[in-house]
There are 2 protein chains.
Amino acid sequence: MYVILVYDIGERRVTKMLKLCRQYLNWIQNSVFEGEITEVKLKELLSVAKKIMKEEEDSVIIFKSRDEKWLEKEIIGIEKNSLDTII
Amino acid sequence: MYVILVYDIGERRVTKMLKLCRQYLNWIQNSVFEGEITEVKLKELLSVAKKIMKEEEDSVIIFKSRDEKWLEKEIIGIEKNSLDTII
């Protein structure tokens, strides 16, 4: 499935969350990731994320689409991280 | 159609962008909005957004789904702005 993940995490935890999400998805902007992922891998990602988060302060939202082709993407301005650049 | 809009805007322009997006979509987190919108209204929003932005520095990404039911949403942690609270 194709997912978009956005997070709003306390400053002291955000670097850990960034490193975690980068192992599973593509960073595209600010606190936004996208990519193809299996149900099992998403569960794995979210279970580790929960250990990093303070659930009473932090927020992670995942939008899941069964197929990337059901999601049309439009970019205005610069592409902060085009998918083909590997950092 | 249902859209998710995320932006990464320079500090001096971000308040204007927030106010603009709030007129068309629901703020859900950080620089993330979602909601039902027509093609015409989305064009209107983006044409004004372009006047606010410095396209060589700022970035707006829109994910469009023809129908909200094709997008499953999962929230972990707090819901920064549940859709029924009007600010």
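Every residue gets a Cβ built from N, Cα and C, even glycine.
Going by TrEMBL, these are the annotated features:
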type	residues	note
BINDING	B:Asp8	Mg(2+) binding site
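In the three-state DSSP classification, B:Asp8 (Mg(2+) binding site) falls within a strand. Sequence-distant contacts of the residue listed as 'Mg(2+) binding site', defined by Cβ-Cβ distance under 8 angstroms and a gap of at least six in the same chain, are B:Ser31, B:Asp58, B:Ser59, B:Val60.
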